[in-house]
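K.L.:
Pasting in a structure now, in structure tokens, and then I'll have a few things to ask.
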């Protein structure tokens, strides 16, 4: 007899304890490759948020006074535990997010790198001094934590993005309340378990699962001093406005429409390889995905042919299968939304040279859309204007680098942009005139390492201090200035 087991119910992590939510409302967590329900996540309430913030605030009293080297040693141990559990974490990402195991494995690496950066807290927290600002007078600047931090993270990087946030925040002496995506809560829970194993005190890291009520609870709570958010543009704008209205520091990383410019002198083999990976990796569900390729007319036919040829070789399927490159999108409604954009591109006159809709019906119950490529796209089309967040690539033909930059700069998004060329002069012009925060030269995904800021512009970011790097340290700390007079 086969015994049917119910999907696990995800609990909140508050004050070092795994507790059930006050809410009885649940949302299913699916494996997007199979459509199978793998868990039930609570849609927690503001009461749950209150409990988590209270626990974090109480823990802040002692954690903020903990010696910085001791905080760093806990993070070093945490980093080693992440390394020791690397394969398990990657598999869990693939199961609840859908991306290929190889990509999930790489995501774990990026998360580990973030913890490594945060473990440098003794250096990161250093202040500055000037011994002689006047006769017998000296001044010094000291960094201090700011209190309870709220973090709201998306489904597309369930390990990397939380690791952008809470390791650096707690390294700086703050305590943290994390609201992971309700679509991918399992990885966040595992991160908390390993943090506890590393010796992180109770209440320093808390997790409240849910949706709108949890977000609003964090944005409105007086004891939450800052909010770090990653997600879609409309929600990012909402979080920034509501958070700042409640006098909080806010960094809100939003949507993207990243342009890749291919010039006549580009290495087309390299450009093709990089664009395919950047456009279709993680099923296009990342804010640094290559969404638009702007190519000079003389080489456009060659590039389009190469891209279609390589896209046809992509293996689509369950990310746990060894040869799979392209997994599913996150949910069935996102699959239908993507198909709607493909339909729109056809209706508005773009040339569909590779139709990913043809790959949706042969993969069983999962939420699959194949690599899709449009040629002869114009900036009036929705597929050029909107963040689709799916494996859909638009190709725009131009006469010059000037025209390519002009078109890219008309986008309201400005996360990343890339150029493929062997010309130093073209690279310099691109660097100086493109309106985008993260640039790549002959690379497809110019996402910076954890020790540099993730620096989107325009409607790709709301705030003053970006995630990661010294911007992150500034965001999670406040300063005291001490001026002293010492006379004999």
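Just so you know, glycine gets a Cβ as well, placed from its N, Cα and C.
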K.L.:
Out of 155, 157, 368, 430, which is the one Swiss-Prot records at the NAD(+) site of 179, 182, 183, 232, 387?
P.N.:
155
K.L.:
Counting only residues 6+ apart in the same chain, whose Cβ is under 8 Å from the Cβ of residue 183 (NAD(+) binding site)?
P.N.:
29, 30, 96, 155, 330, 331
K.L.:
Any idea what the Cα distance is from residue 387 (NAD(+) binding site) over to residue 287 (active site, nucleophile), rounded to a whole Å?
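P.N.:
One finds 9 Å between the Cα atoms of these residues.
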K.L.:
May I ask for the distance between residue 232 (NAD(+) binding site) and residue 287 (active site, nucleophile), taken between their Cα atoms and rounded to an integer number of Å?
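P.N.:
Spelling it out, the Cα of residue 232 (NAD(+) binding site) and the Cα of residue 287 (active site, nucleophile) are 9 Å apart.
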K.L.:
Determine, to the nearest whole angstrom, how far the Cα atom of residue 287 (active site, nucleophile) is from the Cα atom of residue 182 (NAD(+) binding site).
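P.N.:
Their Cα atoms are separated by 19 Å.
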K.L.:
How many Å separate the two farthest-apart Cα atoms among the NAD(+)-binding residues 155, 179, 182, 183, 232, 387?
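P.N.:
The span, Cα to Cα at its widest, is 23 Å.
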